[in-house]
């Protein structure tokens, strides 16, 4: 199906565009009055300010925030909204009967159900169309191609979907079911009437514009019929019939019977009952969904529609957030950058979207934002925006929209209230497709819109004389909208395609308003439009003297529509009359005529009221009352001169036109309230008349003289004087005088020709210089005196002087553009045809181009290739001239040279292999003499400078035998790769870095554990942070360890690496690592103390958390020789692979493979051959130095050598060397190198207190001990015999397992009395389990286990978590003994 409107939008003709000179631009209203005869014929026009007029943007962007309106495009267009309303009604009609509306398709297009319904109705209805077989005609009218059987499909769709609705509308029974095709698309109602309804406005204040600001939209459902939930109830065996009374209350309203209750249907609206077979036609099945009876259906579908309006958006925007949203929407919609979308494409897409019902596009429009809240876009005096001295003229400019409404020639100056949008500008923030609908300005005033910045705004306008024609066309094409909303066009919510209006004879014009341009709409000119994208505009109203009669006519029109007035026209007229002496003559004359009409009307109305019997009167000062308190209750006009009130309703009044509508009281009880008596109005009128008639007197004298001359001609004709030469001469004089007077006045006023773009620049009525000279001579030859003759003589002298100046200026080779422009402005102000003007314009274009080229050449830093090409393109279209050609030749030659060197420089930068510095320097010397901006050449020069700097740095890095650092070397090589120049030292430096990387890989294979998370530097450096172990000891924070204050922070590996990388030499690096090592020892000391304190006996303490799993000790445990923390054997990977007799380190302390020293020394030697310093190398050097120092300390402690060459560790003074040996052991364990001295030291310490047991073989559990899950207070232990040496708690050798097992078998709690060490204890003491929380097991057999520590106490196996197999095969140490061993 095709639309009745054209599918593709055809742009209307363009409106006139005016470009005033600076002289014309200085008087805004004078210029508007000058262009009015032309522009008012199109309704709108565009004005481009003179070049250079660019006011600063003064709006407070940071404070500006607003809530935009939501606009759904296809709901804006009148005919599309009618279709959507119709489809919503159809959908609701079927929904209330339990069916879903689906839009059918015909010829693979969505069927327009509204057009089909209207066409069938126009043809007489469904029955007539079927009888007369008109379905084919209807198909042709709907745009379907002939020859196809579309008519039968249309009939089927109509009969299935629309005919039941038609029957319902006409009062007949409807068909209750709707069957849909599977291909039909389900229709989703727009709910226009419910979603976007506007509540009627009851009040209005003068602080806001009438109607426009009252369109706040909200959901409204007046007169809702059914408030109960929709419940389907079917009477039947399981229905509501528990009693006879309950059944009888549900009877069919058609047959009035209560039988067949299983066939009774209950209405979901009113609960009335109907038999399914009593409905016409009868129902065979129960409808799905809600079902309404015919009565409820009529109430639901017969609700009157409510007014349409815009919703407000749910979020508040700032200018920035709205701009981001708007730009994102447009770029996503057109899939291209916003500035690349053609305006023609946006225009056609806009009118396509507003005319379709298949696509729903929603936009937002920030309209009617009050400038008084956030500041105008124009600067204002005493405003927050401070202008520079050169911009101060914009503060007082008449084109500043804050000043225009209150200029002396503006009528609105005399309206006392500040009306937003009329006297105070409104701001508009638009996005793509956001639109303003067809409307005319309040009180039919002028409007002016200025686009500050952003994308264009597209306008459409109709002249004021076609306003009623446009209204009638819209009413005829969308009568349904105007039936429910008669003042629809005053609400700014409806748009109609300009092509449709033009098809019906309405003249429409368009324009694209760009940033920095004005658009003016004239009185009663309908206008609409949309925004091409994100922009910011400002608008305000103004009224001139010619508007006065239209303003009064508008008030009468508002009275007929019962529409609010924004201000009182009578009040404004009286205010102007009080200032008659200071008014301009033209305004005084217009106001005098308006006041005359006002007084005559008021006199007539008061006489009418008097005749009706209103004799009571009261003078009221309506100036002191707000507008809403003096509005007519009938027509809502703001009363000023007079009003009628009644004592029965003192708060209500009516104007004198509607005295019959006040109340039912007799007229004699009414009171006439008046502002002025007719006698008080007379002096005001007389003052206006005196001011206006001073001009009229002069005009009448002129007319009187001409009339006397004409009377002589009439007298000669009456008396039939012969046609003598005297009479003919008299007639000729009169004709010449009339023509000369008119022409002279027009010439002097400059109103014979106006420069605007569509006019071409020359008026057809312009005089040539010879004609002007002849005309002046003719004036002086007249037998009467023409007062304009001296002025025209002066004009002729100016013209001749202009011609002479033009000749002198054009004789120069190339005059300056300012002198040409000044001469052109002078010539344009003369309404005479001057041939020199065309030549001057050509020469002005040439001069401006030559000056532009010269200015660009004077600034070679800004003379780019694009600039030269643009200047050449501009110069090609100029008229040939010797100076232009010379300049063009120089410019083209320069462009050719520049393009050659740009290409050559680019090739040099991208050449492979790269060029040497010498080659590039030779090229740069040639480029330096070219006076232009060449980016590639500048980049080439920059690359040469960078290359020189790099070579100097590379030489300095290794000068004087220095050993460079890896970081500096890597940074230097990285920089070299970005320099497109051949650098000879680069390959040597890259080779060095490769050797360093190979060395690091070799060192990593030597030191790092498999799958280790540590880096090589982290392993080689002393530990500067303990990682997870630090968190185990909170007491370590309280231990005050004196440390040396350092300037460099060394708290992390990153700090250490940074310090090593920035160190100047190896000595400073060793000092840094020594400081880190000292911190390592201090941290480790605190960590060991903290871990050992976990096992100290404390009755109030809970069980300590140990191991990687952070749980309490239990079962077999391992203790790290370095950090002294305990670990469950099951939590330690590789527990079974622990080597016997070697110190065991936990996974956190064992950081590397600890290679032997003979594997480490070659690494240091190979690094010294590379001659590059790196943090890992310094760390390796420090490791070797520490190793050598540690070996020396061990030799000092035990200098005796065995015959086999190994050191024999013999400790004579144990007390003195205890701390020193422990420190030696800890330091040896910290080293990442395996040394035989460490193993011997550890073995000697392990056996130093038990020399007799050296021959005893160590078991596989040298590092293992048992810790019970429950901590028990220690029992009494046997005292040690004198002279007995206790074993070292950490290095305590365990008793032979076989011997302990034998003792366990022979010992029991019952025979413990035989032990002499415990002879003082009773038998009851040993029959009790020593566990702190004994579970007191019962039974015939209870298993016990004895502690293998120092206490020898007995415990139930179940109380300490030991199995029988563990008690038999493993040693058990109770918690108390384990803690004592750790603390000793």
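Every residue gets a Cβ built from N, Cα and C, even glycine.
Remember, TrEMBL labels are computer predictions, not curated facts.
TrEMBL annotations:
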COMPBIAS  1259-1273  compositional bias 'Basic and acidic residues'
COMPBIAS  1284-1306  compositional bias 'Basic and acidic residues'
COMPBIAS  1308-1317  compositional bias 'Low complexity'
DOMAIN    15-56  domain 'JmjN'
DOMAIN    80-170  domain 'ARID'
DOMAIN    249-299  domain 'PHD-type'
DOMAIN    393-559  domain 'JmjC'
DOMAIN    1326-1380  domain 'PHD-type'
REGION    1253-1320  region 'Disordered'
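Away from its own ends, the domain 'JmjN' (15-56) comes close to residues 377-379, 385, 387, 391, 394, 397-400, 404, 407, 409-410, 446, 459-464, 466, 507, 509-511, 513, 516-523, 525-527, 544, 546, 751, 754-759, 825, 828-829 of its chain (Cβ-Cβ under 8 Å, at least six residues beyond either end).
The domain 'JmjN' (15-56): residue composition by secondary structure is 16 helix, 6 strand, 20 coil, according to DSSP. Secondary structure of the domain 'ARID' (80-170) per DSSP (helix as H, G, I; strand as E, B; remaining residues coil): 59 helix, 6 strand, 26 coil. According to DSSP, the domain 'PHD-type' (1326-1380) comprises 17 helix, 6 strand, 32 coil. Per-residue confidence over the domain 'PHD-type' (249-299) averages out at a pLDDT of 72.
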